[in-house]
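Trainee: First the structure, then my questions, so here it is.
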Amino acid sequence: MIKKELGLGMLLVVIAAITGAINPAFLSLVNLLNMANLIGLFGVFALGEGLVIITGGIDLSLGSMFALLGVVFIDLLTTYQVPWPFALLAVLLGGLVLGGIQGFLVTRLKMQPFIVTLCGLLIYRGAARYYTSDSTRGFGYGDEAGTLSSIASGNVAGIPNTFILLIILALVLGVLLHRSVYGRWLYAVGKNEEAARFSGINTNLVIATAYIISGGLAGVSTVLFVFYTNSVSPSSFGNFYELYAIAAAVLGGCSLRGGEGSILGIVLGTALLQVLQNLVNILGIPNSLNFAVMGTVILIGVLADQQLQARRRRKVALASVARTTPRSASAQEKSAPPRGAAVVPTRTGDQA
Amino acid sequence: MAEILFELAGISKSYPGVMALDDVSLRVYRGEVLGLIGENGAGKSTLMRVLGGVIAPSEGVIRIGGTDHARLTVNEATQAGIAFVHQELNLFENLDVAANVFIGRERLVGGPLKLVDDAQMRARVTPLLERLGADFTPDTLVDNLSIAERQLVEIAKALSIDARVIIMDEPTSSLTISETERLLDVIADLKAHGISVIYISHRLGEIMTCADRVVVLRDGRTVGELARDGLSHAAMIRLMIGRDLKALHTPPKRPPQPGGCDIVGLVTSAFPDRQIDLSVRHGEILGLAGLVGAGRTSLARAAFGIDPLLGGEIRIDNAPVDVASPRDAIRQGIYLMPEDRKKSGLVLELPIRENVTLASLLNYARMWLVSSVDERKVAKEQVRRLSIKVASIDTEAVTLSGGNQQKVVLGKWLSMQPRVMFFDEPTRGVDVGAKSEIYALMRELADHGVAIVMISSDMEEVIGVSDRVAVMHEGSVSGVLERPQFSEYNVLQLAIGQALETVEAAAP
């Protein structure tokens, strides 16, 4: 399990080293801190996406959720002059509620996650554009949320707060996923929902919780992005961001079939994606190739991982054959004579 | 007699440690209905798979039209005119009737474009459906058809490839009485057209109605053949049973204690018009016998909260208990060892440790954080107690043998406090050694006061392990046998829905 993360970490180091060798500006403090900020921004909601993917689902609605929650957030602060703690609370609650609705549709009404969240993507985006009449919302010259703004886009000893927040959230979720009862249930449900249900686990609640957490983290990300860009244009804000999250999770070892993945992997996946983007700029590769580079790396990464896993599985299978063969042979010797009818099985159907 | 269509001579099929078929010979004549009967696992399905080319026999010859084959391929079987109407119908529900009949042999138009010629296929299927008396058209979606109608589609498919023999495996198991009668009419019509039918069924009444000849299998061997005029229920049952059962029964250490689990008027979704009444006392093993599909698994699923109860209730020690979900059932101490352990019992990719504690993880957690010390202790204890043969508790369950996997599922429940346990086919696919270990564990549990219901299709197991046997037939309990009444004959009588002739006659 941990091998995958180790490989990913090494890949990250190698790529960074090569890029740094070609262009030392890559390793400059300014560039590194800038990357850390972006990793923080994109990592927070990738964590939530990862949880949803571990259930065997997917959340396509995140980018649109940012737009909808973002315009509401700015409107609360500027138009309605709501004190920032309440506005923050409203956005976080909004994310949780939207996640809850999606979780409900997926578990109770048995709808496919892809469809539910695709519809979410369309609906939230449409709602955001209608709400603002398609106009960009931003902060005026007033200082509506100075405190929050300085928290969200500030830094401690030069390290961006977004990155610090990502580390904190990753630690909390890491404990939740890898040490808590809920995390164990999440993996069990993702791997084999039926066996989990037969073990008395409330599988619907476990899955819905993953969507709720993802929604909540989307709320957090909304606030971070709003203060990163200082304005929200409802038709483009957060476009495609859910795909970054899915890419990061998959690159970090989550399987879309569910039941696999780790928090460390997701964080490393996010970091790798941001490094790649940065590398495109630094090495003077045409910016238009950005997505193509990203796509190629993910494709190769997942392919390599699959090949390695298949090899490992073959090895395990061979080992278990070697282990069981002598034992079953001796069991047969013991039970074969005398040639009694009783040893002949009374069922034959399932051997075939 | 009439022309021999084909002949199986000296067919054997062995699996490691298992003789599924042992020197079976069978002839099928043109235009006859051959009844093929035997208990669950007598080798009927294996024999038909040999005939259909799905599996190759280890020994023996298949003779078709004067040519000997060591084995058939599926294509050869089809070319020889052998067609199946499967127990689980193999149709594509999303396609229409004509497309299903011609699946894999689609008529094409448009030359190089290779377009599917729906019109031609439908035109060809229409007369077949008319001949079978079907009242649906070739362009009906199979999804909209009843099971009886789907069977007609399968038969139409057989006719469209000019089948000379149609094998029907338990064709009436989910049909109503009138649908069954219609099917029997269709069979008579096929026969009149010179097409042979191999009719496999547990329903001896239907066999009596339609078969010209009956072949009985037992333990992979042909044990008798009855001609039309020699057919009777008694004669058939006598041939189906009658082997020596190895005595396995370990009597309980003490008599069953008062109290236990009462299932009162339970209605399951599988048989919404039947009620089930069943009692199992603390300290006893109640065998639950019956034919495949008699509703035993549905009962266990309902009692464990997987499927909803449509009526009735479950009481433990006379107190009604709520089993709306498996979680509720587990809270009440009702546990289920499911039939398909790989699908429902285990998360195969997780280590043994996590499988053992999956249902009780909160007991080994503080503030929802798993204490790995406690968890490992419990897992190790179960591995030792159940003597699960494994190098480490961190081994993935997928690498274990069937018997050891079953023990892991058992360990999951034994790490808690069982009061009532349902075992659904507990030793299916388990080797002989592990089997007796599982029996011993069940007895040990019973002796500790657990009420045990053991669903089994293995007659030896039912008679050898149980303290009492309840038999189910088509969704309700058709009778309960005490130990002195135990016999294969009595179980089978009840399983096919006949009343016991006389209780006295059953004494061993």
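Backbone N, Cα and C atoms are what each Cβ position is placed from, and that goes for glycine too.
Below, the features straight out of TrEMBL:
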- A:7-26: transmembrane segment (TRANSMEM)
- A:32-53: transmembrane segment (TRANSMEM)
- A:60-80: transmembrane segment (TRANSMEM)
- A:86-106: transmembrane segment (TRANSMEM)
- A:113-131: transmembrane segment (TRANSMEM)
- A:151-177: transmembrane segment (TRANSMEM)
- A:205-228: transmembrane segment (TRANSMEM)
- A:289-305: transmembrane segment (TRANSMEM)
- A:321-352: region 'Disordered' (REGION)
- A:322-333: compositional bias 'Polar residues' (COMPBIAS)
Trainee: Would the transmembrane segment (A:86-106) count as touching the transmembrane segment (A:151-177), i.e. at least 3 C-beta pairs under 8 angstroms with sequence separation of 6+?
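Mentor: Not in contact, no.
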Trainee: With Cβ distances under 8 Å as the criterion, find the stretch in A:86-106, A:113-131, A:289-305 that has the most pairs with the transmembrane segment (A:60-80).
Mentor: A:113-131
Trainee: Tell me if the transmembrane segment (A:32-53) touches the transmembrane segment (A:86-106). I count contact as 3 or more CB pairs below 8 A, with pairs 6 or more residues apart.
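Mentor: They are not in contact.
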Trainee: Can you tell me which parts of the same chain pack against the transmembrane segment (A:289-305), counting only residues 6+ beyond its ends and a CB-CB cutoff under 8 A?
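Mentor: Distant Cβ neighbours of the transmembrane segment (A:289-305) are 4, 8, 11, 247, 250-251, 253, 272-273, 276-277, 279-280.
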